[in-house]
Amino acid sequence: MTAVLSQTPATAKAAPLILLMIIFIDGLGTALLLPMLPMLLDPGDPAGVVFGSAPTAARTAGLYGVLLAGYAFAMMVGAPLLGALSDRIGRRPTLLLAVTGSVAGYALSTWAVSVGSVGSVGLLIAGRLLGGTFAGSVPVAQAMLVQTPDSAMKRIGWVMFAMTAGFFTGPALTGILLAAHTPGASLLLPLQVALTLSVLCLLMAFLLPSTPAPAATMGSSLIRQVLNGFTSPATRRPLFALLWLQIGWNLFYQYLPWMLARQSQTVGSISLLLTVVGIGMCIAFIWVAGALQTRYPAPQIARAAIPVLVVSCALLAATLDNSLALVFGALAAIAYGVAYTALIGHALACEQSSLRGTVLGIAASLAAGAAAVTALLGGIIGVWGNLLLASLSVAALALSWVILLLGRDRDE
């Protein structure tokens, strides 16, 4: 089946904007909850979730990790299955299913805080796991937007821009909503906003035009279809390169504030650098990646962008204590955005269009898995200092480049 949206000219023209709005709201809703997790798990705050027994500091920290990593691991499982399902039953039905699951996850999380009884922690964890499992709306929306390999990088850039903008807007909105929060005051408002936004996503999804029915029913199971997409000789190399790119970048980016704090940087300096990195990624996604695609093939772009990323991250790690960090941070962010988008375009160009949802779902799964693993392991690695953390990050990025170089002849 193809992912081409076929309805009236008006609905077909509005469909990309609707999809990008859904992705933006999904990212905003997900990030909206992150700043308030410490308050939700604070045993001294009556407005948070209720523990069944007196919690220790270790237990509270462990639950915080479970809520963060659990969502990512659930997405790692759910995203490729939803992507593969969209190749079978169509993009729009699968998108509706994914957004409905997200609504249920937010509803369960909101209920967990509102009931205020023993067992609320379990409900909150269940809500996060449910939301993560159905967080496959992004790869399905990507499959609807990416109609041909020629348009892949440009439209994937749009998707990543919408998602990045949502992730940056979410915490800011939470800060506004809870600006006057005091211990014991209600924490429901951000959760209610997230639930309302997810319902809005569902309503917007119903406005999307239908997609063509699958050309034929695939005989293999969904799991087998996902495994075939990952192990296919055509897609294996760009997907493996993407995995190591994500591991390297996440390890560096997630612990960048920690590394800066070790250099005695102020909160203002840390926020400024992270803002510059965010702006750099947005520029790469919305403009640079698409502009490069019009001149060069995706594999060539990826092979050029990753070395720039490697060098930029190394120089950024070496200049965290001075203003040059802003320059290298911006350069690293742009290089990452271009490399990520190019690798997705490379993988899509290697696979038939009827399996586009499967490939994009696998890519989302790899990104979620890399984020979860680096979040858990980075703290252990970081104990040994910034040098080891930055070195392993750069090594992972370099490995991504080597994987691409091994198949250079087949790409040309």
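From the backbone N, Cα and C atoms, a Cβ is placed for every residue, glycine too.
If you look up TrEMBL, you'll see 15-410 marked as domain 'Major facilitator superfamily (MFS) profile'.
The annotation transmembrane segment is assigned in TrEMBL to 17-41 (among others). Long-range Cβ contacts of the transmembrane segment (17-41) within its own chain (Cβ-Cβ under 8 Å, at least 6 residues beyond either end) map to 47-49, 60, 63-64, 67-68, 71, 95, 99, 102, 106, 109, 113, 121, 124, 131, 135, 137-138, 141, 144-145, 158-159, 162-171, 173-175, 178, 181, 187, 190-191, 193-194, 197-198, 200-201, 204-205, 207-208.
The annotation transmembrane segment is assigned in TrEMBL to 61-82 (among others).
Taken from TrEMBL, the feature transmembrane segment applies to 94-113 (among others).
Taken from TrEMBL, the feature transmembrane segment covers 125-146 (among others).
Beyond the ends of the transmembrane segment (158-181), by six or more residues, the same chain brings 16, 20-21, 23-36, 39, 138, 141-142, 145, 187, 189-190, 193, 278, 281-282, 285-286, 337, 340-341 to within a C-beta distance below 8 angstroms of the stretch. Residues annotated as transmembrane segment in TrEMBL: 158-181 (among others).
Marked as transmembrane segment by TrEMBL: 187-208 (among others). Panel annotation: around the transmembrane segment (187-208), residues 5, 11, 14-15, 18-19, 21-22, 25-26, 28-29, 32-33, 36, 39-40, 45, 47-48, 92, 95-96, 99-100, 102-103, 106-107, 109-110, 113-114, 137, 144, 173-174, 177-178, 181 of the same chain, lying at least six beyond its termini, place a Cβ under 8 Å from a Cβ of the stretch.
Positions annotated as transmembrane segment by TrEMBL: 239-256 (among others).
As annotated by TrEMBL, transmembrane segment applies to 268-289 (among others).
Taken from TrEMBL, the feature transmembrane segment applies to 301-320 (among others).
Residues or ranges marked as transmembrane segment by TrEMBL: 326-348 (among others).
Here the transmembrane segment (360-381) has Cβ contacts under 8 Å with residues 65, 68-69, 72-73, 75-77, 79-84, 86, 132, 135-136, 138-140, 142-143, 146, 226, 229-230, 235, 239, 242-243, 246-247, 250-251, 254-255, 344, 347-348, 388-389, 392 of the same chain, all six or more residues outside its ends. Annotated transmembrane segment per TrEMBL: 360-381 (among others), in sequence order.
The annotation transmembrane segment is assigned in TrEMBL to 387-407 (among others). Outside the transmembrane segment (387-407), and at least 6 residues removed from its termini, the chain residues within Cβ reach (under 8 Å) are 237-238, 240-245, 247-249, 251-252, 255, 259, 299, 302-303, 306-307, 309-310, 313-314, 317, 339, 378, 381.
Within the chain carrying the transmembrane segment (239-256), a Cβ under 8 angstroms from the stretch's Cβ atoms is held by residues 230, 273-274, 277, 302, 306, 309, 313, 317, 332, 336, 339-340, 343-344, 347, 359, 362-363, 366-367, 369-371, 373-375, 377-379, 381-382, 389-390, 392-401, 403-404, all 6 or more beyond its ends. For the domain 'Major facilitator superfamily (MFS) profile' (15-410), the model's average pLDDT works out to 82. Only residues 6 or more beyond the boundaries of the transmembrane segment (61-82), in the same chain, are considered here, and those with a CB under 8 A from a CB of the stretch are 30, 34, 37-38, 41, 55, 94, 97-98, 121, 124-125, 128-140, 222-223, 226, 229-230, 357-358, 361-362, 364-366, 368-369, 371-372, 375-376.
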